[in-house]
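If you look up TrEMBL, you'll see 1-15 marked as signal peptide. The domain 'Ig-like' annotation in TrEMBL covers 37-153. Under the heading domain 'Link', TrEMBL lists 159-254, 259-351. Feature annotation from TrEMBL assigns disulfide bond to Cys205-Cys226, Cys304-Cys325.
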Amino acid sequence: MKNLLFLVLISVCWAEPHPDKSSLEHERVVHIQENGPRLLVVAEQAKIFSHRGGNITLPCKFYHEHTSTAGSEAHKIRVKWTKLTYDYLKELDVFVAMGHHRKSYGSYHGRVFLRESSENDASLVITNIMLEDYGRYKCEVIEGLEDDTAVVTLNLEGVVFPYSPRLGRYNLNFYEAQRACMEQDSVIASFDQLYDAWRSGLDWCNAGWLSDGSVQYPITKPREPCGGKNTVPGVRNYGFWDKEKSRYDVFCFTSNFNGRFYYLIHPIKLTYDEAVQACLKDGAQIAKVGQIFAAWKLLGYDRCDAGWLADGSVRYPISRPRKRCSPSEAAVRFVGFPDKKHKLYGVYCFRAYN
């Protein structure tokens, strides 16, 4: 009986019919449906350059690898733009579009929209560029179960400058460093921005915070107090430190401005409070550190007169080195943080355009 049952089971297994022609055709249709029109998302340019206050377009288009759409249903296209953080563990929402629905997020609200120059155009237009807009953006297109992405970097024309407050060297934790840059019309610089500044000649021995939470400093002329004279030029990296407890200087980044930076012609030298009032009387405000660096680097501003700035420091910008005015290099010269009540200097003002 057992032998008979065994034979019956074998017969059933071997008796399964082979698929006929129609079955094969059906399987081929299913194959096309699952692996048919593959979605591809591309950015025609990997990097886009702009400046504060400008308008730019981050390019992004999507295509189907196969033109045939047999066996597929039409799906609504969903376009999502996000900004990548420096550790890539978190993405910040920028803009989402699906059909007639549009939504922008955070500081991008009212400043972003899709270009839509064609049916496959997912490019993002950003208006009134802000310093904080610098960084990497991801364009993601979703259609049904398919999706693909492309990444575009937005670079800003600007200048990196080292900053320490009146308290002196190494007195800022990370969050205080962020505020210090913001108060001086700038943002905390990224590593890429510091690296570009180093390649352009920035040499600074004090370590400072960067936007990713690392502490670094750029050296073009190796010397004993700055990592040793036998080391190679480069951006020295202290690594990542406790953002609350660790204290360093900071590297700030600023770009051009919508206004006029100028040295106020005044019959006498001024105390700090008198300098503030003199700018106000002239229809302006006392200038910030970021504004003097932007005027020097981006506009070639040159003035040998030391003047008060908003943080209580005294500086002057030299674009044409000469005797008694930074003879060795073009730079924003730092005089210090003089006594506000008794020391007398000129003043640099800034008048914003409407």
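Placed from the backbone N, Cα and C atoms, the Cβ positions cover glycine too.
All annotation found in TrEMBL is predicted automatically rather than curated by experts.
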(request) Could you tally the C-beta atoms, other than its own, that fall within 10 angstroms of the C-beta of Cys205 (disulfide bond)? (result) 14
(request) Compile a sequence-ordered list of residues in the same chain as Cys226 (disulfide bond), six or more apart from it, whose Cβ lies below 8 A from its Cβ; state 'none' when nothing qualifies. (result) Cys205, Tyr217, Ile219, Arg236
(message) Treating G and I as helix alongside H, and B as strand alongside E, what does DSSP give for the domain 'Link' (159-254) in helix, strand and coil?
(response) 19 helix, 30 strand, 47 coil
(request) Mind giving me a neighbour count for Cys325 (disulfide bond)? Other Cβ atoms within 10 Å of its Cβ, every protein chain shown. (result) 14
